[in-house]
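Visitor: Feature table excerpt (TrEMBL):
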DOMAIN    1-318  domain 'Aldehyde dehydrogenase'
ACT_SITE  Glu95  active site
Amino acid sequence: MFMWKMAPALSCGNTVVIKPAEQTPLTALHIGALIKEAGFPPGVVNIVPGFGPTAGASIASHMDIDKVAFTGSTEIGQLIKEASAKSNLKRVTLELGGKNPCIVFADCDLQLAVEETQKGAVYNQGQCCTAASRVFVEESIYEEFVRRSIETAKKIIIGDPLDPQTSHGPQISRKQFDKIMDLIESGKEEGARLEYGGAAVGEKSLFIQPTIFSGVKDHMRIAKEEIFGPVQCIFSFKRQQEAIERANNSKYGLVSAVFTTSMDRALSVSAALETGTVWINCYNALHAQTPFGGYKMSGNGRELGKYALAEYSEVKAVTIKLSETL
C-alpha cells in the first residue's frame, strides 16, 4: 500500500506525507530509513505515524495538501471526502472495502477453483480488501466443492508468522478479533452451516481458525458485511444470470472472479460484474501494470499502471496566438 501510493506520486514530481495505519507503523518507518539511506532530499518523503482522528484528520483537512490517497474502511473514506469538501476540495482517491464474489461454474477445473477461492478468502487471515468472502458455486458441483474446501482448509498451518512454514497467523488486534467472532456467531444463529473452524485457537491469542460456512443465504450478515477475517461463505446457484445478479447485489464493487473453461462465458460474465477487477480462473493476480480500484462504495480512482499517474498530476491547457491571421 505504501509503495502503490508513493511511487506514482514521486514519479510525477510530488512530495508526500504518509500516515501509516496506527496498527502497522513499523514497515513504513523502516522504508523511511531506507529512503534516507538512499539519499532522498529532506522533505520529499515525510512519514507521520499517528491516529486517525488526529494525524489522519489533519491531513484530510489541511489547506496546503492537494491530494489524498487512502486505503481503508468505507466509513473513514467518507470522512476524508467530507473533510476535503469542507477544506480546499483536494482531490481524493479511495481504495475501500469489498464483499468480493467468485462465481464457480460446473465446467471449471474444480480443484483449481477450490484452492484459489480459499486462498483468496484466508490470505493474510482474511485481512485484505480483496478477500474472496462470497463464493457462488453451481448447484451440480456444490457438495463436492464444499467437501474439497474442507479438506484443503485442514492443511493450513497455523502458527508463528515469522516461521516460514506458517501459512496462517493472528488477527491484527483484539477489536478486529472480536468483530470476526461476532460475525461467525451471527452466521450460526442465522442458519448457515458451519463446516469447519469457527473458533479461536487458544484462550488468550488472537488466532482464529480458517472458517467455512455452507448454505449461506444472501440476507445473512456474513453475506453482506465485510468480515475482514478468515471466513469463507459458500452459496449455491442454478443459473448464470441468477449468479450475476446476486454477485452484484452489494454496496461494494472491488474485485470478483469467474471460474469456467468457457472463455465466451468468462468474458460475458466479466462484462456484467460490477467490480473494478475481474479475475478469470485465478485470484489476487495483481501486477504493477494493471490498474486497481473499485466501483460503488469500494472507492474511486485507480492505483497501479498508467492510470495511477493521472491521479498525481494535473492537466493544463496553454494556448498561444501565433499570428494575426490565426
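From the backbone N, Cα and C atoms, a Cβ is placed for every residue, glycine too.
Here the structure is a predicted model, which means the values were calculated and not measured.
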Visitor: Across the domain 'Aldehyde dehydrogenase' (1-318), what is the average pLDDT of the model, as a whole number?
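Guide: Mean pLDDT for the domain 'Aldehyde dehydrogenase' (1-318): 95.
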Visitor: Test of understanding: give the count of other CB atoms lying within 10 angstroms of the CB of Glu95 (active site).
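Guide: Other Cβ atoms within 10 Å of Glu95 (active site): 25.
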